[in-house]
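Visitor: What follows is a structure written as structure tokens; I'll ask about it next.
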Amino acid sequence: MSLLNVPAGKDLPEDIYVVIEIPANADPIKYEIDKESGALFVDRFMSTAMFYPCNYGYINHTLSLDGDPVDVLVPTPYPLQPGSVIRCRPVGVLKMTDEAGEDAKLIAVPHTKLSKEYDHIKDVNDLPELLKAQIAHFFEHYKDLEKGKWVKVEGWENAEAAKAEIVASFERAKNK
């Protein structure tokens, strides 16, 4: 099955499928799955010597305000392969703005059927403070050496805000 056929989730917005593009702690290469072919492309080599602190991907059949599918960070005990799909539940959102406009990043944890390790995490405030700081720091600085690019992190919002973002983005894609 093509990644293009992966549904947005099992029970939106509570139970979502995240298509992974970049594994946690991988080399500083930004991969993107082409939304027309489903192929994994190298988007760019990051200029900063930094790595994504969590697996990074998106929710199919959604459309964020930046014109792309909803971005999602997924902490896991092990890095996930690019092109893999993981069942998750949203727990929060990191609100940010970059040179192109609003660019929110959802945080979602693996579904309980995949791991009980995250069952106690119901909201972004249940995540370890160090992990939240690493995520914010990464996004504040990963574009520092790219001319004309910048990011401003505005702060964390809760699970309800993440779910609202999913619903709005799913509707936006459906009505496009």
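Glycine too: its Cβ is placed from the backbone N, Cα and C atoms.
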Visitor: According to Swiss-Prot, ASP66, ASP71 bind Mg(2+) 1; identify which of ASP43, ASP103 is listed for that same site.
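Guide: For Mg(2+) 1, Swiss-Prot names ASP66, ASP71; of ASP43, ASP103, the listed one is ASP103.
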Visitor: Using only what Swiss-Prot says about substrate binding by LYS30, ARG44, TYR56, identify which of TYR118, TYR142 is listed for that site too.
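Guide: Substrate site check in Swiss-Prot: besides LYS30, ARG44, TYR56, the record includes TYR142 out of TYR118, TYR142.
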Visitor: Determine, using Cα-Cα distances only, which of these binding-site residues is closest to ASP71 (Mg(2+) 1 binding site): LYS30, ARG44, TYR56, TYR142.
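Guide: Closest recorded candidate to ASP71 (Mg(2+) 1 binding site) by Cα: TYR56.
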Visitor: Would you identify which of the binding-site residues LYS30, ARG44 has the most other C-beta atoms lying within 10 angstroms of its C-beta?
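Guide: Checking each of LYS30, ARG44, the winner is LYS30.
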Visitor: Beyond the listed site residues ASP66, ASP71, ASP103, identify every same-chain residue whose Cβ lies within 8 Å of the center of their Cβ atoms for the Mg(2+) 1 site.
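Guide: Other same-chain residues with Cβ inside the cutoff are SER64, LEU65, ASP68, VAL70, MET96, ASP98, ALA100, GLU102, ALA104, LYS105.
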Visitor: Taking DSSP as the reference, which of helix, strand or coil describes ASP66 (Mg(2+) 1 binding site)?
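Guide: It is coil.
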Visitor: Between TYR142 (substrate binding site) and ASP103 (Mg(2+) 1 binding site), what is the CA-CA distance rounded to a whole number of Å?
Guide: 14
